[in-house]
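Notes follow the structure.
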Amino acid sequence: MALFFRVCTGLSFIFSLLLVVKNMHGLALAGSIAGIIFSSVLVYSQLRLNRTRTYISLVFTRKLFDYWPFVMIACFVCSRALVEHSPYIMDAILALLWFSIVVLKAITVHYMKNKNLQKYFADIQPIPLKKKMFPLKGKKGGEILKSILIELLEWIDAAFYAIFFVLLINIFIFQVYRIPSESMVPEFMIGDTVIGFKTPSGPAFPLSSFRLPRWKNYKRGDIVILNNPNYPDTPKARLKTFMSQLVYMLTLARVNINTDDNGKPKADPLVKRVTGLPGEKLMLVDGVLYIKHRGDTEFLPVEEDQLYANWDLASLPISERRLIKDIYIGAEELRILEAVESQRKDLNLNDAVQQAESLINRLSLLKDNKDTAAAADFLPEAGYEMSALFRANDTISREILTTNGGLAWFRSFMTGWIPYWQSGDAQDASLYEKRFAQLNALIKLSFGKIVIRNIELFRANATAEQFINDEVRNRLLEEAQNYAFYLAWTNQRNMNVFPAGADEYIPENTYFMMGDNRFNSTDMRHTTVFKLTSVDKNDAQSIRFLSNIEPKYVPAEKILGTTVLRVFPFSRFGAL
């Protein structure tokens, strides 16, 4: 045993000293010194055990070995805290040394158990501590207090051991996660507590660049736990995430200290469903997911995705609906969205050209003062945003009527999309681009009709009341409201080809994820910032809308594990 002890203590010193190799800074030095101090105490306990050969010395040494892996990993975390890029080779060496420490600790503690004393420590007799060393009967007050303190220390020891043990389980085997949002309804409801299995996903050694080997190949439909790629991956953030995991586990997923700069809980980690695999291109149109593999000539719908994607929460059984906090799109709203999608799908662009020309001709007859100037673009880019454009419909109509160049602007606005879509280049457009060109034309025709009706009312000297209550105008505005409503939700129903490049596909070892509750899921389709975006990128005067579509794939190393069990509430308990 003496040689075995020397191997253990030698490994402990080596581990502690390596913490500062290519990593010399204050916290690393503190971690290294702490490791050296603990290793020195370990040596002292062994020397004391060899000298005294008492059961108390053996118990003390055994307890140190019990804590040995926990202390070493704590020293490692300290050495890597706030480090931007830790050296992979050293991280790998230290991780392998730590796993060796775990194995040696298990062997050592096994040798030192009471049942093995006769074989390895024949001269030491086990003593039941509570009954013989510290009996309360016949003891005085001070001795009773001593016994109580020892009992308390044993409880504290058990608590600390449990904390460290649970933390290691959380890092390498299982992670408990409490669902904070409704992005995965109806699979998961807010407050559901699920367990993710991490080992097959190749968990990372804490705060390091080293990972265990991954032997899990994810399939479409797998529900995974992943780091949110929208948050910066900084040393401070990694340390805060690590500490929050500890608090999260200790409070049974009730306390989350992982907050952003504004003090709000981070949406991290995420629970999403794998919907895109390596070697695929993706496209989402009218709520239907399409994929294309290298060598394919066209995109094909993913029928399997329809098993998971939920667009109609209102149709769920009442037992599930009562658990849902927010149903943003009810049956009537969904009908409006699908009606707009049907309208744009059915719009023939050649017919739209004729309709646009007809509106231009009608305006030329209504406008007395013929244009002698070129098109006057009296709208800034933000003015082409759908809601802003239609809110200002009466003002724009009056400017078109009274401004020299107003008719020219109207002609340019109504026909700006035509040249591209009548050219040969349009043959290469994606289904998404075609549908949005149709939507752009549909909205422009709607706006053009409103402008014509406004000018007709102006020319008829309609009163303000007649103008506001005009049935034709209000019917057109109501139709426009449906288009505005659609654009407000289009970021959930549509996504252009991703990856965008002709020869780009989702790379190996990367994946794409979405939430099942597609109307209430911010996922790999989205970024956190909304930008003013053209409905039709091939139209300089396109209708604009606010979009946060910025799809991204997720490297496999960002996936923490797969969900395997729902443990709470008990009424929804079950394997996943």
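Quick reminder: no glycine exception, Cβ is built from N, Cα and C everywhere.
Predicted, not measured: the structure shown is a model, and the values here were computed from it.
Residues annotated as active site in TrEMBL: S183 (among others). Counting only same-chain residues at least 6 apart in sequence, those with a Cβ under 8 Å from the Cβ of S183 (active site) are L270, V271, K272, G515, D516, N517, N520, S521, T522, D523. A coil conformation is recorded for S183 (active site) in the three-state DSSP classification, outside any helix or strand.
According to TrEMBL, the feature active site maps to K272 (among others). Following the DSSP three-state reduction, the secondary structure of K272 (active site) is strand.
Residues or ranges marked as domain 'Peptidase S26' in TrEMBL: 153-294 (among others). Across the domain 'Peptidase S26' (153-294), the model assigns an average pLDDT of 88.
Among the features that TrEMBL reports, domain 'Peptidase S26' is placed at 484-564 (among others).
Taken from TrEMBL, the feature transmembrane segment covers 5-21 (among others).
Residues 8-9, 12-13, 15-17, 19-20, 61, 64-65, 68, 71-72, 74-83 of the same chain, all 6+ positions outside the transmembrane segment (27-44), place their C-beta atoms under 8 angstroms from a C-beta of that stretch. Residues or ranges marked as transmembrane segment by TrEMBL: 27-44 (among others).
Per TrEMBL, transmembrane segment is recorded for 64-82 (among others). Among residues of the same chain six or more beyond the transmembrane segment (64-82), those with a C-beta under 8 A of the stretch's C-beta atoms are 8, 12, 15-16, 19-20, 23, 27-28, 30-32, 34-35, 38, 41-42, 45, 91, 94, 98, 101-102, 105, 108-109, 112, 161, 164, 168, 205-208, 235-236, 239, 242.
Look at TrEMBL and you will find 88-107 (among others) tagged as transmembrane segment.
Tertiary neighbourhood of the transmembrane segment (158-177): same-chain residues 66-67, 69-70, 73, 193-199, 203, 206, 212, 225, 245-246, 248-250, 252-253, 269, 271, 560-561, 563, 567, selected by CB-CB distance under 8 Å and a gap of 6+ residues from either end. Positions annotated as transmembrane segment by TrEMBL: 158-177 (among others).
If you look at the transmembrane segment (88-107), the same-chain residues 6 or more away from its ends with a CB under 8 A from one of its CBs are 4, 7-8, 11-12, 14-15, 18-19, 21-23, 65-66, 68-69, 72-73, 76, 80, 205, 208-210.
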